Amino acid sequence: MSSAPRRPASGADSLHTPEPESLSPGTPGFPEQEEDELRTLGVERFEEILQEAGSRGGEEPGRSYGEEDFEYHRQSSHHIHHPLSTHLPPDARRRKTPQGPGRKPRRRPGASPTGETPTIEEGEEDEEEASEAEGFRAPPQQPSPATTPSAVQFFLQEDEGAERKPERTSPSPPTQTPHQEAAPRASKGAQTGTLVEEMVAVASATAGGDDGGAAGRPLTKAQPGHRSYNLQERRRIGSMTGVEQALLPRVPTDESEAQTLATADLDLMKSHRFEDVPGVRRHLVRKNAKGSTQAAREGREPGPTPRARPRAPHKPHEVFVELNELLLDKNQEPQWRETARWIKFEEDVEEETERWGKPHVASLSFRSLLELRRTLAHGAVLLDLDQQTLPGVAHQVVEQMVISDQIKAEDRANVLRALLLKHSHPSDEKEFSFPRNISAGSLGSLLGHHHAQGTESDPHVTEPLIGGVPETRLEVDRERELPPPAPPAGITRSKSKHELKLLEKIPENAEATVVLVGCVEFLSRPTMAFVRLREAVELDAVLEVPVPVRFLFLLLGPSSANMDYHEIGRSISTLMSDKQFHEAAYLADERDDLLTAINAFLDCSVVLPPSEVQGEELLRSVAHFQRQMLKKREEQGRLLPPGAGLEPKSAQDKALLQMVEVAGAAEDDPLRRTGRPFGGLIRDVRRRYPHYLSDFRDALDPQCLAAVIFIYFAALSPAITFGGLLGEKTKDLIGVSELIMSTALQGVVFCLLGAQPLLVIGFSGPLLVFEEAFFSFCSSNELEYLVGRVWIGFWLVFLALLMVALEGSFLVRFVSRFTQEIFAFLISLIFIYETFYKLIKIFQEHPLHGCSGSNDSEAGSSSSSNMTWATTILVPDNSSASGQSGQEKPRGQPNTALLSLVLMAGTFFIAFFLRKFKNSRFFPGRIRRVIGDFGVPIAILIMVLVDYSIEDTYTQKLSVPSGFSVTAPDKRGWVINPLGEKTPFPVWMMVASLLPAVLVFILIFMETQITTLIISKKERMLQKGSGFHLDLLLIVAMGGICALFGLPWLAAATVRSVTHANALTVMSKAVAPGDKPKIQEVKEQRVTGLLVALLVGLSMVIGDLLRQIPLAVLFGIFLYMGVTSLNGIQFYERLHLLLMPPKHHPDVTYVKKVRTMRMHLFTALQLLCLALLWAVMSTAASLAFPFILILTVPLRMVVLTRIFTEREMKCLDANEAEPVFDECEGVDEYNEMPMPV
């Protein structure tokens, strides 16, 4: 302010400090009535000052101020009280209760957008004054330019200067009108009467006036539809300030009472009501410290203000953002049309096809973000708005826009009408049921016609367009055909299939943000409002799906403005979909909190230069840089002060919480040693068996039944494949029937007693390699193979008990990725090698015939071959089916080698491409998953049908006995004598069997414990826990006992176990489009594994069908398992990099963080270990390959740590594999574990 406002001399000052030189000369003096004279002089002095203020315009050049002026200025600025309840409707004033003495004074935040509106406390006495003076208020009269109210106004507050800016919104004190300036001064009685009459004349003369801003608009009389009284109604735009002052003259009472009172009584009333009486404290005028954010409270009884009662807790929710733009429909009528939505990523509506595009990361222009920040800094921000309907919200938004001078008063109805237009969505035209109902907000056009037809003038600034209480419901009779019974609660409709599908992707308890942007020509400049509702409410037919709305953002403006409304709408939508920003929006108390959150968002944003991008490879660094920015953002978030109730505040609480977390992690670690014999086993039993009953109750789910069918084929196919190959390796001593029986019996026992029933136990490649090596060892030393297995089984039980007693399962932590990859790569190479070795052997036994030769001999050979083939097919116990030693297999059959090649290659390619088809783009996801999961059985079935259709070509079939009998009844029985079957078993071999038992135990230990580690990863969210010690004891002990019956040992099959766990995993349907699926729960139960084991055992009854499977088909499955096992092996990927230039290396950690030569050195060391293992496998010492394998563990711990740094080892030997649930092309269970099949 340039100068302090001039002090008007009140009657009180005239009483105590009279100034004789300023008295009117015509005033008579009566010594006997000195007190009355002084009061009269005070009144005259009061009028004189008003006239002087009107003539000088509020500021006198050269005016000097004394201490008395400053003292008066301080007193008046603190004690003057302006009656506010004149705006209150009569019924609301009657309902308002006085403030009790025990209650705290209530305050109401009423800051203007510039932060200048004070918060005023008001008592019941003010309402009485307002009711007494209500009769004098009437619509103002438009003053002439020569006598405008601004020329005669004066101010009593310290923040009101002589040169008042139009945007000031502080409450204005009364002003003197030009009519009062021309009043004659006569005697005391005549003067008082004239004063009262002229004040009445002023009020009546201004009844038909204009406010200068909205013609004919009543400014003071509250409308009947006014729902509540808000102190913010006192705020006016600058053009209305003078008129408001002219309407509030200092009239002590109404006209009828003034005529009955004497002059002294009127002066006393005026002095009491308008002057500063020393010793009497008026209600203080306090500034609002919160700034310009208006916490609007409308539509309720006057009660405790937001500062008096605790604010509703704003717990951040997941958000669903919808962008609506104001566009023209087919009939050229404006409507709000949905153009984009955000669940996590942006989805746009394609303009031509009106369908949703693919989810993508929103790319924003930097200018739109700056424009958004600028509009938020100067626009309307309403936090905790207490409204339940769209009309109520729109009404409050428009009111705030008018108050903050964003729009003119005459544009109020147009903006409100635009906000209440109909909302349309891309899914509306796809629904073939009844069309979408008109929303309550789409009645704006009807309301516009209603006001246009009425004779009333435009409503007051604070008058709602829709009168009545908030509980009023708007019901509209639609002209379209609807079912006769109308819902009682309003117009409703059933959810469409599109809505149900979209609702599944939106997280539970999510709250919506509605963004409304559009171009309107009736505005002269853009206007913005950001609204946060106190409680999330469902707005009828505003959103595409019925989600409660918490936030609204509105941006309207003319097309001439240099602003892209669509891009700004996308910017605020992307901000609201950002986790950090929408949490800040929930917890914001004022505008500055939102601006700070935008700045934090800009700090982590990436700006791309305006250059043309030729390929996606050029953008690889962008993703890396973005990850670094996000990591920095997370670190800064951890350093910030914790939010209330989210994290412990004190250091002591943090330390206590950390101790609890460490204790909980240690308690849940199943590999933690207790230091007591069998301590780990006891902990496993105590941890897992209390859930035993729930393991059966949780199986009552349709998903478990589907998993049984799927896992049955996943377990049967390897059993048949490995059984057929094992029969070939052991000369039918252990074949398909023994492997099927072992899988069934051990599976049933393990599912009933095991600690982790999600494990699927079965035969694997490493055990096949060991069985072949041990059979070769026994054959070369003339030892009985099955009897030697019995003694190995006894030693296995002893080793298992010793390992469990010493809690040795923790040793699995030392088996790193370095050893696992060598092991898996070795088994894959063996599978691939054995496949082609068998195929070459078939070509040797059945060579291709040339075109030359005797026709007779060829005919004879063909005749004998056909007779042999016919015997092979028709007789079930022939040489090719049963493998009896009395008969030889047919040799030299024509076309056998070629057909075997076709069957093997066909089986491999069908199974391999069906696996790829699972994650392709064809067909719905459910159909693709079913086809991909059953790829191996489908491949076997197709190739069996192909072989069955070719009748004149011989192929070797699978050897399966009839019924429950062993594969070779003439060679063995179901029970094996430990002392020897045909010859006594050497005693030295009984003791020496400990060495092969240790080797078998190493294989079973590694496979079982590593598989349990993979299944028990925290990413899988298992709740019932695992038991490493109990599972190892059961599997090894059952294998040792089964050796008495000539059954093979089993271990936890990695791929089948992971497949079983994935089949029982329930994924959350509330997954944002484009986001990775999240685990909701896992059906941890025992029934599926139990049923699968029983079904595998019952597969012996389909022996006739199994006997039709050619061995060449099993070779194709063998090749499939070898090739697919290479996926996910980092060692295999680094072998490719040896032949690749560095510029084509992938963007992975071990490439970026490790120098190329150091990475190749690590690969060479793994390759050297693999070559050593292969050399051992190729010699007579092949039985010792598990021992060589286990030596890679100390090699990695001792030797490699001296060659490579700790950082390099973390990059090259880190276990980064995570559970795979998404449908990425070429990614499945095999990518999750570097373990053999």
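Glycine too: its Cβ is placed from the backbone N, Cα and C atoms.
On a predicted model such as this, the values are computed, not experimentally measured, just so you know.
Swiss-Prot lists 75-84 (among others) with the feature compositional bias 'Basic residues'.
Positions annotated as compositional bias 'Basic residues' by Swiss-Prot: 93-109 (among others).
Annotation source Swiss-Prot lists compositional bias 'Acidic residues' at 119-132.
Taken from Swiss-Prot, the feature N-linked glycosylation site covers N855 (among others), and the record attributes it to sequence analysis.
Here Swiss-Prot flags N866 (among others) as N-linked glycosylation site.
Per Swiss-Prot, the feature N-linked glycosylation site maps to N878 (among others).
A helical conformation is recorded for C1169 (S-palmitoyl cysteine) in the three-state DSSP classification. Of all Cβ atoms in the protein chains displayed, 22 besides its own lie within 10 Å of the Cβ of C1169 (S-palmitoyl cysteine). Marked as S-palmitoyl cysteine by Swiss-Prot on the basis of similarity to another entry: C1169.
The phosphoserine annotation in Swiss-Prot covers S112 (among others), and the record cites similarity to another entry as its basis.
What Swiss-Prot records for S131 (among others) is phosphoserine, and it gives similarity to another entry as the kind of evidence.
Under the heading phosphoserine, Swiss-Prot lists S144 (among others), citing a large-scale study or a structure entry as support.
Sequence annotations record features per position, and here Swiss-Prot assigns phosphoserine to S170 (among others) based on a large-scale study or a structure entry.
Swiss-Prot lists S172 (among others) with the feature phosphoserine, giving a large-scale study or a structure entry as the kind of evidence.
Among the features that Swiss-Prot reports, phosphoserine is placed at S239 (among others), with the record citing similarity to another entry.
What Swiss-Prot records for T253 is phosphothreonine.
Residues annotated as N6-methyllysine in Swiss-Prot, with similarity to another entry given as evidence: K270. In the three-state DSSP assignment, the secondary structure recorded for K270 (N6-methyllysine) is helix.
Among the features that Swiss-Prot reports, phosphoserine is placed at S439 (among others), with the record citing similarity to another entry.
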Tertiary contacts of the transmembrane segment (1159-1195) (same chain, 6+ residues out, Cβ under 8 Å): 766, 769-770, 772-774, 776-777, 780, 814-816, 818-819, 821-823, 825-826, 829-830, 996, 998-1000, 1002-1003, 1131, 1134-1135, 1137-1138, 1150-1151, 1203-1204, 1208, 1212
Taken over the topological domain 'Cytoplasmic' (1-703), the model's mean pLDDT: 63
Paired segments the transmembrane segment (1087-1132) and the transmembrane segment (984-1006) in contact, 3+ CB pairs under 8 A: no
Residue pair K270 (N6-methyllysine), C1169 (S-palmitoyl cysteine) - Cα distance, angstrom, rounded: 106
Leading stretch by Cβ pairs under 8 Å, where the reference is the transmembrane segment (733-770) and the options are 704-727, 790-812, 822-843, 897-914, 1032-1053: 1032-1053
Surrounding residues of the transmembrane segment (984-1006) on its own chain - C-beta under 8 Å, 6+ positions past either end: 766-767, 770, 774, 783-784, 787-788, 791-796, 799-800, 803, 812, 815, 823, 978, 1032, 1035-1036, 1039, 1049, 1051, 1183-1187, 1189-1190
Tertiary contacts of the transmembrane segment (704-727) (same chain, 6+ residues out, Cβ under 8 Å): 734-740, 743, 760, 762-764, 768, 771, 834, 883, 933-934, 936-937, 940, 958-959, 967, 1048, 1053, 1056, 1059-1060, 1063-1064, 1083, 1085, 1087-1089, 1091-1092, 1095-1096, 1099, 1106, 1109, 1111, 1114, 1117-1118, 1121, 1237
Close approaches to the transmembrane segment (790-812) from elsewhere in its chain (Cβ under 8 angstroms; 6 or more beyond its ends): 671-674, 677-681, 774, 976, 978, 985, 989-990, 993-994, 996-998, 1000-1001, 1004-1006, 1009-1010, 1013, 1028-1029, 1032-1033, 1036-1037, 1039-1044, 1049
Tertiary contacts of the transmembrane segment (822-843), as residues 6+ beyond its ends and Cβ separation under 8 Å: 725, 728, 764-766, 769, 896-897, 900-901, 904, 956, 1006, 1111-1112, 1115-1116, 1118-1119, 1121-1123, 1125-1126, 1129, 1131-1132, 1166, 1169-1170, 1173-1174, 1177, 1189, 1192, 1234-1237
The topological domain 'Cytoplasmic' (915-929): DSSP-derived helix, strand, coil residue counts: 8 helix, 0 strand, 7 coil
